[in-house]
Amino acid sequence: MKMFDNIKNVGKLIRLERIFDKKSEKTVIIPMDHGVSSGPLDGIKDMRITTNAVADGGANAVLGHKGLVRHGHRGYGRDIGLIIHMSAGTSISPDPNKKVIVTTVEDAIRLGADAVSLHVNVGAESDFEMYRDLGLISETCEQWGMPLIAMMYPRGPKIKDEKDPEVVAHAARLGAELGADIIKTNYTGDPDTFKEVVKGCPAPIVIAGGPKTNTDEEFLQMVKDAMHAGGKGVASGRNVFQHKDVKGITSAICKIVHEDAEVKEALKEIKI
């Protein structure tokens, strides 16, 4: 894949091919790490059911904490990539923006991971600790040939707008500078400003799905706009696993991301 030409580590390249479509060179990731931060939300109470639905819908990978492997591994159905999330923090913590590392790259390898991810809140009072974690873990990932996804979110006392193009661009560039292979960050809400974010980041960017949207059309249009602006995929949780038709919405996303389908065409994948 051309966008990974700068990566010379063969192990990383092999694993990246498991979570990116070789033809479109893009990815659809379904994060299911919300149980740690927010508790047993609807849609991920039974992770096997959700994993099966998104796999059947064509998703390239699921993302979650190491418990996802134990409680979400199916042993049947369509294969799907596995990304182990290394960061944790809760909504009921005194500092919800603080994320700590709760597992290792070596543990992720033992669990069969195709990539690892960690979360950095850029602008949080504890952000310097998360920067240190990202920089050090990127070195370990390089040693083991493990792709690293950095979730770079502008959040903190000085952040007035988490979709501000300047702060999103800064967050994305920061993640790439500290060694991430893939950046997950907010879509700015506008294709023109997001193009500038992409231009300023040497690593491919996957957009976050964001809060649950009012309509499927609104959500899919965001995905469409982001892909045309240079995004290399989408990582969406609640807009997928809390949908009435999990398989259908996953398939609709895949139609747009991998086939450049129009929103109206993609909506036909949703049956409920």
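Every residue, even glycine, has its Cβ placed from backbone N, Cα and C.
The active site, proton acceptor annotation in Swiss-Prot covers ASP33 and is backed by sequence analysis. Sequence-distant neighbours of ASP33 (active site, proton acceptor) (same chain, six or more apart, CB under 8 Å from its CB) are LEU63, GLY64, HIS65, LEU68, HIS85, GLY237, listed in sequence order.
Taken from Swiss-Prot, the feature 1-deoxy-D-threo-hexo-2,5-diulose 6-phosphate binding site applies to ASP33, HIS34, GLY35, VAL36, SER37, TYR153, PRO154, ARG155, GLY209, GLY210, GLY237, ARG238, supported by sequence analysis. Annotation for PRO154 (1-deoxy-D-threo-hexo-2,5-diulose 6-phosphate binding site): spatial neighbours ASN121, VAL122, GLY123, GLU162, ASP164, VAL167, VAL168, HIS170, ALA171, ASN186, criterion Cβ-Cβ under 8 Å with sequence separation of six or more.
Non-local contacts of TYR153 (active site, proton donor) by the CB criterion (under 8 A, 6+ apart in sequence, same chain) comprise HIS119, VAL120, ASN121, VAL122, GLU162, ALA171, THR185, ASN186, ALA208. Taken from Swiss-Prot, the feature active site, proton donor covers TYR153, and the record attributes it to sequence analysis.
Under the three-state DSSP scheme, LYS184 (active site, schiff-base intermediate with substrate) falls in the strand class. When other Cβ atoms within 10 Å of the Cβ of LYS184 (active site, schiff-base intermediate with substrate) are tallied across all protein chains shown, the result is 25. Summarising the annotation, Swiss-Prot assigns active site, schiff-base intermediate with substrate to LYS184 and lists sequence analysis as the type of evidence.
Taking Cβ-Cβ distances under 8 Å and a sequence gap of 6 or more within the same chain, the neighbours of GLY35 (1-deoxy-D-threo-hexo-2,5-diulose 6-phosphate binding site) are LEU41, ILE44, GLY64, HIS65, GLY67. SER37 (1-deoxy-D-threo-hexo-2,5-diulose 6-phosphate binding site) sits 18 Å from LYS184 (active site, schiff-base intermediate with substrate), taking the Cα positions as reference. Note on GLY209 (1-deoxy-D-threo-hexo-2,5-diulose 6-phosphate binding site): other Cβ atoms within 10 Å of its Cβ, all shown chains, come to 23.
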